[in-house]
Amino acid sequence: MHRINGMGAYFKERRSGGNPELIRSSQRQRYSDPSIVDKVIELDQAWRKERFLLDVLNRQKNVLSKAIGEKMKKKEAQGTDENVDGSIISQLESLKMEDLSALTVTQIKKLRVLLDEKMNDTKLSMEQLEEDRHQSLIQIGNIVHHSVPVSDDEANNRVERTHGDITSRKKYSHVDLVVMIDGFDGERGTTVAGGRGYFLKGPLVFLEQAIIQLALQKLGEKGFTPLYTPFFMRKEVMQEVAQLNQFDEELYKVCGKGSEVLGDSSVDEKYLIATSEQPIAAFHRNEWIKMIFNAEEYCQLLGIPYQIVCIVSGELNNAASKKLDLEAWFPGSGAFRELVSCSNCTDYQARRLKVRYGMTKKWMVLHPFMPEKYRTFIPFVKPAPIDEEVKKKGGK
């Protein structure tokens, strides 16, 4: 079987050194149907039979061509009757030179036509089986890592480690704070873009750019090359880096003409990326690279308390063998919220993901990237929404 998703070897029968039961077990841990593994094996076996038949037919075509050539050299009469006995046709896949000696050139040519038809049918069958096998394969998830908690309930996610003070509580949430510094306008954002639309303005724009510049600086020091990626990806590329049934339902899609060529009725499908990691992964197709993930170091650098959580097996997408979420502590709401997801996809996407972390320096590193008036202090210029709500309730 072709090696797909880094799991091809596991689909081979046990006697060949493969271990399909390992994948069945992984599917069960994902709370997915393990019978898809047997379907892949059946389709692969059927494809192999057709592949073997096509090889046989190719050899037979050479036998027929050789027989015609020898009869032409001997200047034998070609004959006018192309009818061939059914017993000979039934042996089309195993005819030998001596079996053809009593036939005319015209009859052998007829056999070759029949052989070409059978070869074409076999090729079509192979293509269909290969497509069916591929569609079945992409439904199978990566092999779940042995350290992943087996459950389909996110309440059973395992906390791996924590950093910083995750018990502190603050009166104001992040929503209150961005309003109080007049850096956020949600009402106009909703009017313009609909639900969850917003405008950043003033000091919050500078703060966002400062955070971006800090990330670029730190990652640049580690040898990373910054990329500004396309916002759309072609379907055939997107399905290499994302789960087909997932992105087809969740992402925005644009359909257009395949080309401007007259008579070309093909459709070009492009998907709006959900995250820059998708086109970056596609940028590195067919390469082996080492990736260094710096989310923990970055949060430590900014003084943000967090916890690292190992996600249960039933919540993993197909690409992930293991997934760690970095959840930051929001003291205003007294809750952890996901900021970063780090999935170990092993060789599912043709690379290995390595995660490292480092200790940090003090978090005043944003100062060089902020305007002077916001460098050390961003003032509150509006009342907190939470305080306004209290006033409204008290006034009733």
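From the backbone N, Cα and C atoms, a Cβ is placed for every residue, glycine too.
Whatever TrEMBL says is automated annotation, not expert-curated.
These features come from TrEMBL:
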- T275: L-serine binding site (BINDING)
- E338, L339, V340, S341: ATP binding site (BINDING)
- 19-85: domain 'Serine-tRNA synthetase type1 N-terminal' (DOMAIN)
- 291-359: domain 'Aminoacyl-tRNA synthetase class II (G/ P/ S/T)' (DOMAIN)
- 1-29: region 'Disordered' (REGION)
Worksheet item: Given the ATP site residues E338, L339, V340, S341, which other residues of that chain have a Cβ within 8 Å of the mean position of their Cβ atoms, reported in sequence order?
Response: A295, D325, L326, E327, C342
Worksheet entry | Neighbourhood of E338 (ATP binding site) by C-beta distance under 8 A, where only residues 6 or more apart in the same chain count | D325, L326, E327
Worksheet item: What are the DSSP helix/strand/coil residue counts across the domain 'Serine-tRNA synthetase type1 N-terminal' (19-85)?
Response: 49 helix, 0 strand, 18 coil
Worksheet item: Within the chain of S341 (ATP binding site), which residues six or more apart in sequence place their C-beta under 8 angstroms from its C-beta?
Response: K323, L324, D325, L326
Worksheet item: Including all protein chains displayed, how many Cβ atoms other than that of V340 (ATP binding site) lie within 10 Å of its Cβ?
Response: 17
Fill in: Integer mean pLDDT for the domain 'Aminoacyl-tRNA synthetase class II (G/ P/ S/T)' (291-359)
77
